Amino acid sequence: MSLFKARDWWASVLGEGEEFDQGCLCVGDVDNSGSGYDKIVVGSFMGMLRIFSPHPAKPEEQMEADAQLLEVQFPDPIIQVEMGKFVSCSELLHLAVLHPRKLSVYAVSGTAGNVEHGDQYQLRLVYEHNLQRTACNMTYGPFGGVTGHHFICIQSMDGMLMFFEQETYAFGRFLPGFLLPGPLSYCIRTDSFITVSSTRQVECYRYETLAVATDADTRQDSDQQSKSSGKRLTADWTLVLGEEALDVCVPHTSSAMSSIFVLGERNLFCLKDNGQIRFMKKLEFNPSCFLPYGSVSEGSTNILMCNHNNMLLVYQDVTLKWVAQLSCVPVAVRVANFPELKGLVVTLSSDGHLQCSYMGTDPSFFTAPKVDAREVNYDEVDTEMKMLQKVIRGATKTQDILPRAETEEELTLTAIVSSNLDEVSCAVIPEMNGMPVPSVTVKVKIKSRSAVQSPKMTVCVQPPLAVTQDQFVLDSMGSGCELVVRFSAFLNGHYPPADLCGDIAVSYSSATGIPRVSQCKFNLPLRLVCYPSSAIKNAKYKITVDTNKPPVNLNEVFPDFSEKSENNESSALGFQLITGSKVIVLASKTSQRYRIQSESFEDIWLVAKELVQRFDQHFASLGVKDFRNSFTGPIPLPEYFETVDHHFELRVNVQKYQDLLSERAVQFRAIQRRLLTRFKDKTPGPLQNLDTLMEGTYRQVIALADAAEDNRERLIQAFTRLQSATHLLILLLSLWQGLGSEQTAILEATLLPLLQDTPQLGWEESVDAAISHLLKTCLSRSPKDQAISLSTGPLTIPKDTSRLKKHITLLCDRLGKGGRLSLTSEANVPTTVMMPAGCESIPEPIVEQEEEPRLQQDSAKYIKKKQPSKRIKSKSDSSKESSREKKEKDSGKEKDSKVSSKESKKESSKESSKRESTKESKEPSKDKESTREKESSKESGKEKTKVSRKSSVKVKEKKSDAGDG
């Protein structure tokens with residue numbers, strides 16, 4: 001901000017609600033008084049023309065009204081006003097007023113008054129031209145080197161330059177490659193016109209070139225223009241700016257110094273007459289207008305520039321000389337001479353603030369008022385300090401990253417789902433698979449504790465579920481107000497949903513303007529997606545849930561399904577999904593077990609979740625506190641992996657269809673180019689079946705696009721089914737190991753990291769990365785494994801799902817051995833698993849060693865080489881002792897295998913020096929030999945004589961894999 005302000009000499013506000021632009025202001029001796037002083041002419045878009053002769057008022061007097069000489073209302077808007085010698089029979093200055101469809105030239109004359117009211121001024125029309133095209137701007141000058149007169153050039157909105165030699169229309173020319181009109185200026189030194197086109201480049205056209213070019217009575221394209229009479233219009237020179245231009249000005253201050261100034265959005269350009277850049281100034285603000293004028297120093301030009309920060313800046317070429325503060329943002333600036341002061345700056349804003357100011361040197365400082373000094377009460381300060389320290393200590397006790405929510409929110413939401421289905425369904429699809437699609441009403445109560453502004457409610461449910469309206473714009477609510485909003489939810493897709501939960505969020509602003517959000521959840525009934533059905537005994541997929549209480553009557557647990565069931569048996573209940581298969585729940589009459597079976601694995605999820613929840617509610621209502629659901633296994637991983645493979649196959653098909661579409665599209669464009677070349681040829685020739693080839697390619701493109709769209713729809717359904725299967729897997733794992741809510745939440749975040757698949761990130765790579773992290777942290781076998789750095793590369797779609805299946809299997813295995821899921825550092829300590837006597841843990845395959853990069857394997861290999869032989873011998877001796885103790889309990893087959901591994905270790909330590917010299921060259925052959933030796937040991941059962949250290953490790957891995965199997 002400038003220290004100095006522009007000193008007001010005279011100011012006026014023009015009308016109310018009028019608009020002005022950069023062409024609406026001009027200064028000069030419009031009435032030809034001969035005094036050498038200027039008048040101000042202002043035209044507005046409302047058609048009002050005003051002429052002022054400003055002079056300062058005395059401090060004790062108000063602004064005199066005689067500063068305004070003339071005010072005339074025109075029926076058309078005024079785009080631009082200019083002064084010049086526009087009449088052929090006179091060398092006096094006349095006023096040219098440009099309207100959208102008319103150019104008028106007026107003579108302004110003044111008559112001395114005989115009374116105290118002052119002089120009288122009149123506006124007389126000399127001539128006018130009606131325009132055939134809508135005008136944008138104009139410029140004037142002695143076109144063609146005429147003396148004593150000025151011609152006018154008008155640029156239309158469609159790119160035509162119309163030339164008027166005073167009272168006569170001369171000719172019109174279209175600018176080549178025109179799109180949008182830009183600023184226009186005339187250079188008298190080179191007799192040329194400078195404009196900035198929509199391609200962001202400065203273009204210069206000589207008047208002589210325009211005069212002999214093709215006539216523009218009707219607009220023609222470049223091909224037709226070249227064939228007609230006259231020369232084709234070309235620019236004398238062009239210069240690329242790279243930005244839009246606000247204004248172009250050619251000052252005529254000095255014949256020796258020739259410059260063309262172009263004001264861009266971010267830069268000021270000074271060009272020579274031949275289009276070369278003289279200098280360029282990068283601006284740190286958004287300019288609004290500028291005016292170059294003569295400088296006192298030879299060889300330089302002064303520039304007045306205004307910006308949108310109400311600043312007036314004075315530059316001498318590229319050097320900033322002065323900055324002053326204005327009261328408004330000008331759109332036009334001029335320099336004028338008045339009787340009492342010369343060189344005043346005249347500015348006009350877009351809303352009509354006309355101001356004449358000069359740049360004084362009286363700074364306006366802000367002086368802060370004096371504050372009464374008061375004595376400090378140290379007791380009060382000490383009490384306040386203790387209170388603040390208490391608040392700080394209370395705030396630092398909590399280690400939460402996010403601040404805790406306030407106890408009482410300004411807006412509370414309560415969602416109530418109707419217990420009965422709607423009598424008249426609101427579903428978009430009224431019937432699916434021969435069954436009517438029901439809907440249920442959800443009522444949301446919104447209660448405000450204080451005033452809230454502009455509340456907006458958003459409802460979100462997972463597809464294929466939908467609601468009748470998901471966006472609500474509510475009225476502002478006062479304190480204690482209550483509002484009720486209703487909507488209906490229904491099934492809107494031909495596949496079962498993965499979740500029946502929904503979210504409601506209300507965004508609003510508090511009374512102080514702080515944006516806030518309130519949220520709540522609601523659960524839709526199972527009855528919305530399925531009907532009661534008869535029970536069948538056989539099914540493909542079966543899951544058994546155990547309880548610790550006697551079996552209950554299923555009709556009591558599911559009263560909404562037992563009423564309409566075909567049979568009244570209490571031990572069997574059938575659920576027919578509207579868009580899925582039939583799910584049966586069977587209760588054992590002798591044990592405390594319940595079986596859920598269906599022909600579709602993922603369809604079991606909704607019924608299993610509902611069964612577990614209703615069991616908890618049923619026994620809680622009876623006052624039973626020690627009720628517990630459990631699952632004894634095995635975990636149905638093969639069935640789950642079928643769903644994973646189906647989803648992955650559809651993802652791979654997406655890429656295949658995309659590649660095929662790209663190939664066919666390239667082929668289609670190539671055929672089009674060849675056909676266009678044949679059609680444009682002057683000598684017609686045979687098409688050589690190109691039209692048939694193009695039609696066949698077009699059909700292939702359409703068929704591929706339809707197949708890709710169908711694959712996309714199937715991928716959405718497959719992802720929803722994968723979500724259902726994953727939810728079921730998480731439920732079974734939590735029941736199997738009795739996981740708490742925190743561990744179940746971590747498991748859900750690991751296996752369900754995405755709400756939907758995207759081309760950039762899919763479910764498989766996200767889950768694989770998350771499980772790998774758990775296996776290296778909280779589920780690691782030892783603290784040593786936690787030090788292994790995780791790969792930080794980009795997640796890309798894998799080649800297959802074998803690695804993912806391996807990791808999911810290992811995750812379930814480690815959970816089954818007592819692993820604990822947690823994100824804290826204490827959980828990284830391995831958990832001690834208590835096992836019955838006579839049981840041993842099953843050795844796990846070394847997955848991490850296979851997953852490490854080859855660089856880490858090589859570095860570990862070289863580190864092992866540098867270890868002293870004593871450590872190797874001590875480790876082998878300890879392993880010998882432990883193996884001897886286990887020999888007494890192991891079977892004969894295990895004895896043979898362990899003896900072979902011990903002997904291999906001995907021989908590997910003896911031949912270490914020999915192996916170090918030849919290991920790198922013979923490593924692939926050793927792997928093949930070790931594989932052959934392992935297969936031969938399995939078949940014959942003989943001891944191995946020469947096995948490397950690496951092959952012995954692989955023997956152990958093979959045994960552990962057999963043990964896991």
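The count begins at 1 with the first shown residue.
In case you wondered, yes, glycine gets a Cβ from its N, Cα and C as well.
Features as listed in TrEMBL:
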DOMAIN    1-363  domain 'PTHB1 N-terminal'
DOMAIN    436-522  domain 'PTHB1 GAE'
DOMAIN    525-632  domain 'PTHB1 platform'
DOMAIN    634-737  domain 'PTHB1 hairpin'
DOMAIN    740-815  domain 'PTHB1 C-terminal helix bundle'
REGION    846-965  region 'Disordered'
COMPBIAS  862-873  compositional bias 'Basic residues'
COMPBIAS  874-946  compositional bias 'Basic and acidic residues'
COMPBIAS  954-965  compositional bias 'Basic and acidic residues'
| note | Secondary structure split (DSSP) over the domain 'PTHB1 C-terminal helix bundle' (740-815) reads 43 helix, 0 strand, 33 coil
| note | Across the domain 'PTHB1 platform' (525-632), DSSP yields 29 helix, 31 strand, 48 coil
| query | Residue counts in helix (H, G, I), strand (E, B) and coil for the domain 'PTHB1 hairpin' (634-737), per DSSP? | reply | 92 helix, 0 strand, 12 coil
| Model confidence over the domain 'PTHB1 GAE' (436-522) (mean pLDDT, whole number) | 90
| task | Could you break down the residues of the domain 'PTHB1 GAE' (436-522) into DSSP helix, strand and coil, giving a count for each? | result | 0 helix, 56 strand, 31 coil
